[in-house]
Amino acid sequence: MFNGSLVALVTPMQENGEIDYSNLKELVEWHLENDTDGLVILGTTGESPTITAEERHKIIRQVVDQVNKKIPIIVGTGANSTVHTIEMTQQAMELGADAALIVTPYYNKPTQEGLFQYFKTIAEAVPIAQILYNVPSRTACDLLPETVIRIAKCSNVVGLKEATGDIQRVKQLKAEDLDLLSGDDKTAMDFMLAGGKGVISVVANVVPKPYHAFCITAVSGNVELAKKENDQLSPLYDSLFVESNPIPVKWALSQMGVIPKGIRLPLTPLSERYHAKVRESLQQVGIKC
């Protein structure tokens, strides 16, 4: 159902922090024209913690209407409140999204049983397709494979975004009826070659067409070509993470003329000492800026 290059889309903002809805429309069109396989909106890269309820509604509605079922739209709906997560997941479904991406609760530090009950409760409350999201580096909470297997018994839990970079987890879970998606660009090739279906990618923001081709190659199991394409993209794997995501990728896109320069506090624009490194990596992958 969900596979290939699924871009973790940035939310374009003006320098005063206001969302640029006109530019968002242009950005979505750019991805449609450049073979992106799906859009993941209002996730980590989309600065979801700083987006208001009114803005969420407007963003989801605009993107759903524009895409018009050409490619899947996945909306980040996770929070550390079960009730709030259910509300946002319900909203995504009502506005026409294809799936919800639900991160493990952050700050609360639930047990594995707590995680099971949390995801089971949401799955039973809202019938939209749901993708679990495990990113312990941000949440201080690790969704273990044995817990994923329990949650996967819910019929509308259809996938897992695994951002630990642990390839063994793919091998443990590939027998399950789940779309396994990497959430870590640096290890995405090995993830897909081990049985993953695709990537929810930060890097795909700046190189959508090459990243789509790379995902097709890796998912098909063409090891030699996948390594070649991965090497071509590799300058971005470090440079786009020199500071907290999405700081570097938004700066890169602004340098490319794709989006304005805005980002919301507590995130700040890319530190000047990293400008040359990010610019050089863009040039290494053939982007003029």
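Quick reminder: no glycine exception, Cβ is built from N, Cα and C everywhere.
If you check Swiss-Prot, you get these features:
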SITE      Thr44  site 'Part of a proton relay during catalysis'
BINDING   Thr45, Ile200  pyruvate binding site
SITE      Tyr107  site 'Part of a proton relay during catalysis'
ACT_SITE  Tyr133  active site, proton donor/acceptor
ACT_SITE  Lys161  active site, schiff-base intermediate with substrate
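Annotated features, which come from Swiss-Prot, shown on the structure.
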{"residue": "Thr44", "record": "site 'Part of a proton relay during catalysis'", "CB count, 10 Å": "23"}
{"residue": "Thr45", "record": "pyruvate binding site", "CB count, 10 Å": "22"}
{"residue": "Tyr107", "record": "site 'Part of a proton relay during catalysis'", "CB count, 10 Å": "8"}
{"residue": "Tyr133", "record": "active site, proton donor/acceptor", "CB count, 10 Å": "27"}
{"residue": "Lys161", "record": "active site, schiff-base intermediate with substrate", "CB count, 10 Å": "28"}
{"residue": "Ile200", "record": "pyruvate binding site", "CB count, 10 Å": "30"}
